[in-house]
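J.: Pasting the feature list from TrEMBL:
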type: ACT_SITE; residues: B:His53; note: active site
type: BINDING; residues: B:Tyr56, B:Lys95, B:Asn500, B:Gly537; note: ATP binding site
type: DOMAIN; residues: B:78-193; note: domain 'PurM-like N-terminal'
type: BINDING; residues: B:Glu97, B:Asn538; note: Mg(2+) 1 binding site
type: BINDING; residues: B:Ser98, B:His99, B:Asn100, B:His101, B:Arg120, B:Gln244, B:Glu316, B:Ser317, B:Gln318, B:Ser540; note: substrate binding site
type: ACT_SITE; residues: B:His99; note: active site, proton acceptor
type: BINDING; residues: B:Asp121, B:Asp272; note: Mg(2+) 2 binding site
type: DOMAIN; residues: B:443-566; note: domain 'PurM-like N-terminal'
Amino acid sequence: MAFRSAVVTFPGSNCDRDMAVALEQVSGTAPKRVWHGDAELPEGLDFVALPGGFSYGDYLRSGSMAANSPIMRSVKRAAERGVPVLGVCNGFQVLAEAGLLPGALMRNAQITFVCRDATLRVENAQSLFTSGYEAGQEIVIPVAHHDGNYFADDETLDRLEGEGRVAFRYLENCNGSARDIAGVLNAAGNVLGMMPHPERAIDPAHGGTDGRALFESAVRSLVDA
Amino acid sequence: MPNTADTITPKITDEIVAQHGLSPEEYERVLHALGREPNLVELGIFSVMWSEHCSYKSSRLHLKKLPTEAEWVICGPGENAGVIDIGDGQAAIFKMESHNHPSYIEPYQGAATGVGGILRDVFTMGARPVANANALRFGRPDHPKMKHLVQGVVAGIGGYGNCVGVPTVAGETNFHPAYDGNILVNAMTVGVADADKIFYSAATGVGNPIVYVGSKTGRDGIHGATMASTDFEEDAEAKRPTVQVGDPFTEKLLIEACLELMATDAIVAIQDMGAAGLTSSSVEMATNGKAGIRLDMDQVPCREEGMTPYEMMLSESQERMLMVLKPGKEEMAAKIFEKWELDFAVIGEVTDTQHMVLEFGGEVVCDIPLGPLAADAPEYDRPYLSRAEYTEWAGIKPMANRPDSDDVRGDLLKLLASPNLASKRWISEQYDSQVGADTLQTGGDAGVVRVHGTKKALAISTDCTPRYVHADPYEGGKQAIAEAYRNLCAVGARPLAVTNCLNFANPQRPEIMAQFVHALEGMGDACRALDFPIVSGNVSLYNESKATGGGSAILPTPAIGGVGIIADYDAMATMPFKSEGDAIYLVAPEFWSRPDPTRSHLGKSLWLSVVHGRDEGRAPPVDLAAERGAGQIVRRLIEEGVVNAVHDISDGGLAVALAEMALGGNRGADVRASDDYTPAQWWFGEDQARYVITVPADKVDAFNRLVAEGPETDEAEWVGFHRIGTVGGDSLLGASLEDLREAHRSFFRDWMEA
């Protein structure tokens, strides 16, 4: 059965095509492309991706304006119904601003933009996004962001850790994130936000294919369900 | 002619003319072109159109001599960017441009808008931008302003390119005291389009609507082009208001909206509003179309109330485009721009008058005949020194004595820790080099991006060695082209064409004009010999500053942006050492196999300046036949898959090339010196047309067979192979990888964290 996914484009998204290519390569089916101004996501989706980029130029705060786009009401309802929602980079910032994930993404501790290969440790290999990895596995996924410094209060961080909601940690913290957190899950486990770009590690030509298993996990979880 | 209140000017005085950067002689030409006195709007238009920046009045005569044609060139200089055929009905569109003066005054915005401007030049022609590159020259690191300038420029380039989602994949950064008061920021964009969907700027079709899209017009950047056409005075800082402010978010929307409209058949012509904004875009469109133009200035979207036609015409507000649409397409086009939340306004029409007529408040405020505006434009044949006179003036002599190296390890570590050879990771990590998910390599000899959805890839390299150009403008001009050619060959690409960004000082000085003329001759000869035509470019003159005391000129810096094609990226080569036991060869002109130490070049080498503090000697000569032959053979070896690492030899010589390969692959090497050369010559000489390659053990037979088969052409007989060592271990020339790495990263770390 076909994997029915959608990639949302906000004004200023710039990894929407990359995300669509990755989803198509891994699942075999091209995702629907959805404009932020649309009122509703397509019916019967198996997966929604909020891509990287600079929605609204990062003006006001990264992700804050996109979080109030018309389509986000529909994304929230889909998330509540249990549809898997992945936010990468700016997509993570949008999910945090929309309240679908706890915490906030602040300016990198070193102030400057950072683009490099980051080694991550898979902390939770049980989620629908990460079941293709082994717990504790080290994977290399590129990062490229200015506002990736994850912040939440200690109580929240303790809860995230206690509930196994830290999906990935940086081996070498590249932005000042609290407790080296690179990606977090919501309580139900169907929403993942992460700063690193798995869609940039799909094809051997990318220099690594460690991002593939994330999308494969999502596809498999649908087939298994 | 009637005037509205704001354009009624007192008689145009000498002072007003001077303020507009026109000489008395040039003002006479204005009077001749118009047949009467101009009003202020008209004077402003003449002043920017005839500025050095827009008119190329000092350089045009010499630019005409550059080779611009080849079978694969679709469009050479004259349009917004150059266009070349890359097969399968696709074209690559590219150009490099300077944004030097604004970047010195306001580094973040200056650099950012430089990137924005060059992006627009490329997508204006119908291409989706796929890669950015840059060439940056800064002054002494210990100059009090330099850290601030480097931080600002790098953040500005990143801030703009990262946001629009175009990966920055190549670049070079040099430091030299000659740039203390006048840094250079040259930005390049490469895009890909369908070869049958290229958009040009010629306005045609009388009555066709002229449409303004993008951002609103503000009062920023007025007279930016005029500023770019004079020396810096002590008051450089006071010119900050002439620097434009960039908005990459709007640019991203503009790219998407324009490409969406370009997919329809609505556009007749399109031109971005760059330097001299609405003036140059409308004049160029009408002139290229041999048409006239009528604009209703009341319709121009303005950011502020009460803007005058003078301000609207001279504003350099960013992220704006001008288009001629087919009649009846306005509504459809407007919907696309509304979707992307951009301004869209019909502001005029194409006419058959061959005049540019501007109306404001129901009255004509400007009426300029376009023929005379172009025909009467000044063109100067400025005096210049001969090559011999120049050498005399510059005091270039063979080295009086040649020092040697008695500590190769120590010298190598010093070189790796020097600003020009230090790791530039601090810079490159601030650029998103991966967005688009088509980047195949960065940080090597050339940046490589896949042509989306194909096995093809484009290789991009920016090059120039200004200290060579200063010592010998002709050889230095050749060398810039040759090095770009070499860097493309080193990744396995066939070099196709170049763009250039010619940064020089004041052309009214015969010695500076000599640098310009002779460098261009060298470039032209190299381009012809290497089948590597120049398809676009930009000239930036008056790069000298009184701000640092004394009329200090920059080093002549004709920066080159080379583009090549890799037919199948699975065969792409990279720089790092790959595995233990790989055989290392020096690929070099034959005389390196039949030693002739008198030809080895330490003159103008980085080793000489870093280790001995001597900036002297002659620049290395460039043998174009050897360059071409070595390139051909290296490409063949890469295509046949018998080499697994390739690196060109340039700044710092053989030792630095080996160190970069070792650091990239995290493997050392055992390499031998030569009995025929002194250690300094062998390890640090900067002779041209050379590469280092490695051959894996199981390919040695195939490699020998290919080499024995001989070259495809007689030229390649010039090329020799010299086995110099083997990959392995964790040291190079007595230095551990750890020490090499520490030296390499120390400069930027220590400077930026200090």
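Every residue, even glycine, has its Cβ placed from backbone N, Cα and C.
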J.: Looking at the recorded positions B:His53, B:Tyr56, B:Asp272, B:Glu316, B:Asn500, which has the shortest Cα distance to B:Glu97 (Mg(2+) 1 binding site)?
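T.: That would be B:Asn500, the closest of B:His53, B:Tyr56, B:Asp272, B:Glu316, B:Asn500 to B:Glu97 (Mg(2+) 1 binding site).
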J.: Given the substrate binding site residues B:Ser98, B:His99, B:Asn100, B:His101, B:Arg120, B:Gln244, B:Glu316, B:Ser317, B:Gln318, B:Ser540 in the record, what is the largest Cα to Cα distance, rounded to whole Å?
T.: 20
J.: Do you know the DSSP helix, strand and coil residue counts for the domain 'PurM-like N-terminal' (B:78-193)?
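T.: Going through the domain 'PurM-like N-terminal' (B:78-193) residue by residue, I get 45 helix, 43 strand, 28 coil.
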J.: Averaged over the domain 'PurM-like N-terminal' (B:78-193), what pLDDT does the prediction give?
T.: 96
J.: Hey, how far is B:Tyr56 (ATP binding site) from B:Asn538 (Mg(2+) 1 binding site), Cα to Cα, in Å?
T.: 9
J.: So of B:Gln318, B:Asn500, B:Asn538, which of the binding-site residues has the fewest other Cβ atoms within 10 Å around its own Cβ?
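T.: Minimum Cβ neighbour count within 10 Å, taken over the binding-site residues B:Gln318, B:Asn500, B:Asn538, occurs at B:Asn538.
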J.: Which one of these recorded positions has the most other Cβ atoms within 10 Å of its own Cβ: B:His53, B:His99, B:Arg120?
T.: B:His99
J.: With the ATP site defined by B:Tyr56, B:Lys95, B:Asn500, B:Gly537, which remaining residues of that chain have Cβ atoms positioned within 8 Å of the Cβ centroid?
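T.: Neighbours found: B:Leu63, B:Pro77, B:Met96, B:Glu97, B:Thr499, B:Cys501, B:Leu502, B:Ile534, B:Ser536, B:Asn538, B:Val539.
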J.: Using the structure shown, find which entry in B:Asp121, B:Glu316 (the binding-site residues) has the sparsest Cβ neighbourhood within 10 Å.
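T.: Fewest other Cβ atoms within 10 Å, among the binding-site residues B:Asp121, B:Glu316, is found for B:Asp121.
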J.: If you compare CA-to-CA distances from B:Asn100 (substrate binding site) to each of the recorded positions B:His53, B:Asp121, B:Asn500, B:Gly537, which comes out shortest?
T.: B:His53
J.: Once the chains shown are all counted, how many other Cβ atoms turn up within 10 Å of the Cβ of B:Ser98 (substrate binding site)?
T.: 27
J.: Could you give the maximum C-alpha to C-alpha distance in Å for the residues B:Tyr56, B:Lys95, B:Asn500, B:Gly537 that bind ATP per the record?
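T.: Result: 17 Å between the two most distant Cα atoms.
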J.: Below 8 Å Cβ to Cβ and six or more residues apart, same chain only. Which residues does that give for B:Gly537 (ATP binding site)?
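T.: The list for B:Gly537 (ATP binding site) reads B:Leu63, B:Pro77, B:Lys95, B:Met96, B:Thr499, B:Asn500, B:Cys501, B:Leu502, given in order along the sequence.
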J.: Spatially, and counting Cα to Cα, which of the recorded positions is closest to B:Ser98 (substrate binding site)? Options: B:His53, B:Asp121, B:Asn538.
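T.: Looking at Cα distances from B:Ser98 (substrate binding site), the smallest one goes to B:Asn538.
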J.: B:Arg120 (substrate binding site) to B:His99 (active site, proton acceptor): how many Å between their Cα atoms?
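T.: Computed Cα spacing between B:Arg120 (substrate binding site) and B:His99 (active site, proton acceptor) is 14 Å.
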